[in-house]
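Feature annotations, reproduced from TrEMBL:
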type: COMPBIAS; residues: 498-508; note: compositional bias 'Low complexity'
type: COMPBIAS; residues: 513-523; note: compositional bias 'Acidic residues'
type: DOMAIN; residues: 35-117; note: domain 'PDZ'
type: DOMAIN; residues: 146-226; note: domain 'PDZ'
type: DOMAIN; residues: 254-337; note: domain 'PDZ'
type: DOMAIN; residues: 392-472; note: domain 'PDZ'
type: REGION; residues: 1-32; note: region 'Disordered'
type: REGION; residues: 487-523; note: region 'Disordered'
């Protein structure tokens with residue numbers, strides 16, 4: 001038995017033992033970990049948060065969460081930074097476009113967020129936030145696919161079977177060479193959504209009847225089994241807004257036009273559509289004009305001007321938007337069949353917009369829209385006049401209310417329109433998201449709290465009169481001491497003023513766009 005010499009520590013000499021090493025006591029810095037938050041609001045609910053840009057802080061910031069509201073229940077926290085909306089990276093995208101993307105997603109969407117400290121640390125360390133977001137998806141991730149199947153002589157070429165032992169899950173088997181396979185459906189795909197309905201909420205018997213009764217076409221959302229596991233692991237909903245939608249029909253196109261010496265070269269008309277709706281239609285595209293070169297097509301609907309929806313705008317307001325755009329304008333158009341198609345699916349067609357590059361018709365190339373970082377708006381100088389969009393909107397209460405939600409800046413007077421429900425009384429009356437509420441039923445409410453404004457709304461009964469103005473217009477009017485009064489729109493023509501009784505809808509050609517424009521002005 002060997003004896004070893006007892007080791008005695010002498011603090012003056014320290015430790016001189018090659019078998020011992022010193023290590024840093026500090027804990028290793030963990031990699032920032034993004035969180036998935038799934039938000040789904042029911043009828044009459046708001047999402048219960050604000051998305052803000054703040055001076056001196058980077059990113060799109062989550063603020064003012066309502067206690068136990070949809071956002072708070074989803075796991076969102078004050079100060080979180082938004083990285084993705086439905087798997088679209090948005091940290092480098094303009095704030096206005098991010099808000100638009102959320103609004104287009106409807107009542108159900110997914111956020112990927114980083115908490116405040118993790119975001120600020122990631123930025124200070126120079127981490128690639130997009131790479132960080134993509135890494136959170138894990139291996140095996142592939143996006144879902146929207147497949148539009150057009151029935152051929154043998155049928156849809158599709159067989160759907162329940163997955164054994166997994167309630168609400170279905171597998172898809174396309175017939176080789178059949179309509180479903182041509183549309184992009186692959187063997188072993190999981191069925192997520194069918195013609196606007198979540199497959200998990202339908203029994204197999206109902207799905208079978210839908211397939212058998214389909215006479216012309218059907219749209220399905222599918223994903224491969226590995227991709228489905230990626231979403232399940234992240235506890236994330238699989239939604240149409242996330243999908244690869246290359247074969248979807250009637251996709252809107254975003255067209256970039258440069259004005260020529262004689263204008264853009266097309267006719268714009270407001271025409272009546274079904275269900276009491278009116279739409280802005282492109283007519284008479286001049287040969288060789290900037291419109292023709294820019295791929296504008298006769299008979300398409302105009303959905304947006306420079307990213308702003310035209311659905312709730314009058315003919316004169318749309319013309320004004322194009323006029324204010326100067327020498328360049330971006331128009332979003334769609335074949336009229338797309339309106340009913342996407343409405344039946346419960347989807348906004350603008351989710352599937354493609355960007356059309358400028359150039360000759362032979363050089364035109366359609367690509368999925370990649371949103372670029374928005375250039376910060378230039379504030380108007382004191383000597384620059386803008387045209388405030390002041391409106392008096394008259395609303396009749398519908399079955400689900402007036403169809404809008406109010407918002408406010410915390411601890412400050414003043415109220416604005418935070419959200420306008422699609423197809424509701426608010427949208428029909430001309431209310432726009434972001435409008436400042438000036439009067440309720442003739443009473444000025446500029447200095448009142450949102451709670452007091454809400455009381456005025458309730459006292460008004462089933463009819464409501466709101467005087468509103470866009471935010472920039474409101475700021476300009478206040479800065480210059482101007483009264484807030486309803487704009488008297490310059491009449492385009494007598495035909496347009498009497499459009500309700502006229503046999504022909506109003507017509508506006510828009511080459512000249514002069515102040516004394518008539519029904520024959522051209523773009």
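Every residue, even glycine, has its Cβ placed from backbone N, Cα and C.
What you are looking at is a predicted structure, and each value in this text was computed from that prediction instead of being measured.
Taken residue by residue, the domain 'PDZ' (146-226) breaks down under DSSP into 19 helix, 32 strand, 30 coil. Helix, strand and coil counts from DSSP across the domain 'PDZ' (254-337) read 18 helix, 33 strand, 33 coil. Helix, strand and coil counts under DSSP for the domain 'PDZ' (392-472) come to 17 helix, 30 strand, 34 coil. In the predicted model, the domain 'PDZ' (392-472) shows an average pLDDT of 84.
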